[in-house]
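Positions annotated as transmembrane segment by TrEMBL: B:7-27, B:39-59, B:65-89, B:96-116, B:147-169, B:190-215, B:279-300.
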Amino acid sequence: MFRLEARTSTPAWFNLALPLLAIGATLVLCSGLIALAGAGVIEAYGVMFSASLGDSYAITETLVRATPMIFTGLAVAVAFRAKFWNIGAEGQLLAGAVASCAVGAIPMPGPLAMLLMTVAGAAAGAAVALIPATLRVRFKVDDVVSSLLLNSVIFYALMALIEGPWKDSFSGYPISPPILDSANFPVLLEGTRLHLGVVAAFLAAPVIWFLIARTTLGFRIRVIGENPEAARYGGIHVERVLISTALLSGALAGLAGVGEVGGVHFQVMSDISPGYGYSGIVVAMLARLNPLGVVPAALFLAAVMTGAEAMSRATGVPAFLSDVIQGTALLAMLVALLFTAYRVRRVGAAR
Amino acid sequence: MSVVLEQIFQVGFLAAIIRIATPLAFATLGEMFSERAGVLNLGIEGIMLLSAMTGFTATSLSGSLWLGVLAAVLTGALMGALHALFTVALGLSQHVCGIGVTLFSSGLAYFLYRLIFGQQSVPPSIKSFETLPIPVLSDIPVLGPAVFNQFSLVYMAMAAVPLAAFVLYRTPWGLSVRMVGENPRAADSAGISVIATRFQAVILGGALMGLAGAFLSMVQFNAFTFGLVSGRGWVAIALVVFGRWDPWRSAGAALLFAFVDALQLRMQASGLGHIPYEAFLMLPFIFTIVAMAVMSRNAVAPSALLKPFRREER
């Protein structure tokens with residue numbers, strides 16, 4: 001028999017080893033599906049690797065794809081730190097995309113447009129996140145369910161826009177009109193899609209880390225997450241901090257939408273996010289809710305997503321494998337996390 | 001407005017409510033059993049999707065509808081067991097594990113479906129269940145054809161509600177479930193295995209979610225499509241709160257939701273003014289959020305919900 005025994009201390013190298021262990025376990029587990037699809041495991045992962053990290057263009061594509069996941073990952077990490085269960089990053093991202101698209105279509109000098117798009121997108125995301133937070137603080141509504149349900153509401157609102165007032169009257173496709181060329185985020189590397197938002201995402205991670213680790217708000221967020229009773233006893237206005245956390249989390253998720261509109265698609269369509277909001281949960285957990293860890297975690301998932309399509313073309317393994325990898329990675333990481341708090345002890349024939 | 005009222009009291013409308021309520025009733029009852037034992041199962045959306053896929057596939061390959069239902073139920077139970085393994089045996093966060101189970105099962109459903117059926121221009125379909133009129137009862141005007149000329153899975157849902165209430169309130173196992181959900185430590189002292197009971201409840205819940213999935217792919221759509229579940233699982237979670245963790249109230253909540261959804265469909269079809277149809281699609285979700293805000297004030301969740309149980313601690 002084995003038993004879980006509480007650890008008194010966690011070895012430091014665990015923090016680095018655990019996510020790698022989880023990712024390793026995930027790749028091994030998912031190789032069964034590749035074999036089931038009748039492809040060579042090494043070959044399939046090889047194609048995935050080379051298509052996402054093999055050459056400089058592949059690397060830029062992975063960076064571009066990692067960008068929204070860094071933002072949603074940060075959004076989820078910040079929220080989960082305070083035990084505000086924001087599962088609504090998907091809807092907040094869509095709201096951010098719509099708001100920045102609306103602003104980007106207004107004629108004005110480019111830099112101003114980009115600035116206002118960013119502000120509008122962040123504000124829209126924050127506004128959406130405010131709903132589940134308010135419902136929780138005022139009406140004790142479970143934030144998990146309300147933020148989940150809001151994703152559907154926002155999605156249909158987006159659909160109503162692009163099939164209604166924003167519909168392309170020329171082609172008849174449910175796609176919004178594009179933002180003005182002057183509002184397109186500058187491309188950093190000729191011939192790639194590497195845009196200014198990518199840099200912003202990489203800068204956001206250390207900023208959010210600083211905020212969580214070194215500021216008063218960050219301290220309050222952490223205390224509330226660890227022990228709300230103690231926080232209240234210690235004079236922290238729990239409700240106010242929860243609302244601030246929600247606003248910050250929603251704004252970050254909204255920025256994910258801004259980057260997709262300003263730097264990648266330049267307009268809004270129904271599939272502008274292939275579930276980046278949910279990927280954010282995987283990213284945040286792989287990062288152990290550490291904002292700095294969000295970057296490598298997002299890069300890993302982005303590489304998987306970028307590589308999956310090439311793998312599918314080359315080996316016939318359905319590209320949905322990347323979705324399975326995401327889910328498995330999340331579960332594997334949760335199990336791995338268990339080992340930070342507990343160690344497995346062999347015990348005699350206990351009952 | 002009178003047009004709307006006229007439509008409400010029609011056989012077709014009543015039948016639509018029943019049809020929409022059936023998968024919700026299964027899913028809501030499943031989630032209720034799980035939560036009553038103290039385990040929130042956010043895997044529901046993915047479990048329904050994966051079960052819908054396996055049920056559809058089993059029927060498509062074997063030609064037997066009931067084999068499909070069995071496959072869906074087993075899939076649901078298996079995924080329930082997976083969720084229980086993480087949350088009950090290992091005591092991991094129920095929120096995050098549930099999302100993990102949903103991501104994993106959804107991905108697996110799409111992956112396996114594409115693997116088995118490939119990419120086809122016309123999605124494969126199956127010959128669905130046929131309606132099974134109940135003699136005498138189906139002759140009752142209006143109510144008869146709507147309620148008693150239905151599919152066998154619909155009758156199963158109708159039977160599941162009193163059965164669930166009986167199991168939960170009138171059997172020793174039901175008592176155990178309620179005890180481990182309210183006060184696991186007391187249950188443990190009384191000699192009830194908290195871990196085993198929670199496992200059983202979550203697996204039973206998963207099996208019911210599997211039935212919900214089977215209904216979607218094998219009765220409602222006769223096909224497996226992407227986004228088949230489209231939030232019904234999440235709605236079921238809200239309906240459990242709305243139904244205050246009681247089988248009868250939960251079923252009532254499912255019917256009420258189905259009423260709003262059916263109404264939404266009718267209003268959409270009648271092309272009311274210039275309201276975009278998406279506004280109607282949003283309606284059930286907004287309704288659920290508002291209903292939760294109203295109900296959550298005095299809704300009392302099982303006190304051990306979300307709390308893992310470890311014998312050695314405290």
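A Cβ is built for glycine as well, from the same backbone N, Cα and C atoms used for every other residue.
Nobody curates TrEMBL annotations by hand; they come from automatic prediction.
Between the transmembrane segment (B:96-116) and the listed ranges B:7-27, B:39-59, B:147-169, B:190-215, B:279-300, the one holding the most Cβ pairs under 8 Å is B:39-59. Scored by C-beta pairs under 8 angstroms, the transmembrane segment (B:65-89) has its highest count with B:190-215, from the stretches B:7-27, B:39-59, B:190-215, B:279-300.
Away from its own ends, the transmembrane segment (B:190-215) comes close to residues 22-24, 26-27, 29-34, 36-39, 41, 43-44, 47-53, 55, 68-69, 72-81, 83-84, 87-89, 153, 156-157, 160, 173, 176-177, 179-180, 184, 229, 232-233, 236, 309, 311 of its chain (Cβ-Cβ under 8 Å, at least six residues beyond either end). Proximity of distant same-chain residues to the transmembrane segment (B:7-27), defined by a Cβ-Cβ separation under 8 Å and at least 6 residues beyond the stretch ends, is recorded for 44, 48, 142-143, 145-147, 149-150, 153-154, 157, 160-161, 208-209, 211-213, 215-216, 219-220, 232-233, 235-236, 239, 250-251, 254-255, 257-259, 261-263, 265-266, 270.
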